[in-house]
Amino acid sequence: MTSLIAALLIFDCIITFHEFGHFLLARKAGIAVIEFSIGMGPRLITFVHGGTRYSLKLLPLGGSCAMLGESLTEDDLKYLRAPKALVGMSYEKAGILQRFLTIFAGPAFNFLLAFAGSCFLVCVAGSDPARVGKIAPESPAMAAGLQEGDEIISLNGYRTYIFRDLMIYGTFHEGEPLRVVYERDGKRENCEITPEYSEEKNAFQIGIIGGGYERAENPGAVIRYAYAESRYWAYVTVKSIEKLITRKVSADNIGGPVRIVGMIGDTVEKSKPYGVLTIAVNLAAMTVLLSVNLGIMNLLPVPALDGGKLILILLELIRGKRLSKQTEYRINLFGFALLMALMMFAVFNDFRMFFRS
C-alpha cells in the first residue's frame, strides 16, 4: 500500500507541476484561469481566490489548468456568471507570444523538475563521467589506441558527458563504426573504432568499462552533470519514439499510467531493504525519467497536445491570422480522438502485461 501511495504521489506531482507551468505563465500574461486542480474526478476540496477556483479532486491521477477560452463545463459556466468571478482576459484574446509561452511553460516546467531531480541525484549519488576505467585485452578499443583514464569527448559528433552516453549511443547505433574524440593529458586526439559482436553478450562491444560513479567537486560540476543526466533521458525518450515510429520496436512497448505507477511501486519495493536514502535516490531517478518523458511527449506536434497547440500558434504567426474556430475545433477533436485511442491502447497493454505476469 505504501508503494502504491508513493507511486501515485510521484505520478500526480509530475503532472501537477506541468499544469502549474501553464497556470503561472497564464496568470503572468493576464489570462483568466477558471480552475487549477490537483487530481481528477469529483472535487473533495475547492475554494475561489483571485478569480480562480482551486480544487483537490478524488483521483490522484494528474491535474488540470482550465483557462478561459478553452472548453467549459456547465459547472464552469455557472461559476462564470457570478459577479466579478473572473480575473483576466480570454486565452483567445492574448497575444501570440503570450499564448506561446503559456503553452510552452508546461513542458518547460517538466524539464525544470527533471533538472532539479538530477541535481539531487548528482549531489547524493554522484555521476559517471565519460572516462575509460578499464580496457578489455585484444578489444577494438585497445587496437584503436585508447588507454585507461582517457576522457571520451564525442562519438560520431555526439557529445558525451557521462559514461551512460557512450552505452546508450551504442544501443541506438548498433554495429556502426565510431569516430571517437577523446582527451588525454589535456590534449584532444581522435581514432576510429568498429564494434565487434559478442555472442556471449548478444551485443556489439568496443571493450571498455567506465570508471564508476564519483561525487561532483563543486557547484559547477553539479550543474554540468545534472544537465547531462536530464539530457541522457531526453535522448533515450526521443530515440525510443523514433524507433516506435519507424517500427524498429514493437508497439507492445507502449505503456500507460497503470504501468508507470507499477514501475514506481516496484522501485520503492526493491529499494526498501537498502534504506530511506536509497528509496529517495531511486524515486528521484524515476521522477527525472518520467518528467523528461512527459515534457517531450507533450511537445509532439499532435493536435490536443501542447506541441500541436504550438504548431497552430506558429501557423497563425506565418499566415498573419488564426484558423477559423471551426477548423481549430475539428483539428483538436481529431487530435483528442487520436490521443484517447493511444491512451486506450496503452492501458490495454498495461493490463495485458499485468495478467501475463
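In case you wondered, yes, glycine gets a Cβ from its N, Cα and C as well.
Caution: TrEMBL annotation is automatic and unverified by curators.
Taken from TrEMBL, the feature transmembrane segment covers 100-125 (among others).
Under the heading domain 'PDZ', TrEMBL lists 118-186.
A Cβ distance under 8 Å defines the sequence-distant neighbours of the transmembrane segment (274-294), meaning residues of its chain 6+ beyond its ends; these are 6, 10-11, 13-15, 17-18, 107, 110-111, 113-114, 117-118, 120-121, 124-125, 229-230, 233-234, 237, 260, 263-264, 267-268. What TrEMBL records for 274-294 (among others) is transmembrane segment.
Taking Cβ pairs closer than 8 Å, the transmembrane segment (300-318) reaches residues 96, 99-100, 103-104, 106-107, 241, 328, 331-332, 334-336, 338-339 in its own chain, all 6 or more past its ends. Annotation source TrEMBL lists transmembrane segment at 300-318 (among others).
Under the heading transmembrane segment, TrEMBL lists 330-348 (among others).
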DSSP tally for the domain 'PDZ' (118-186), helix/strand/coil in that order, comes to 23 helix, 22 strand, 24 coil
In the domain 'PDZ' (118-186), averaged pLDDT is 94
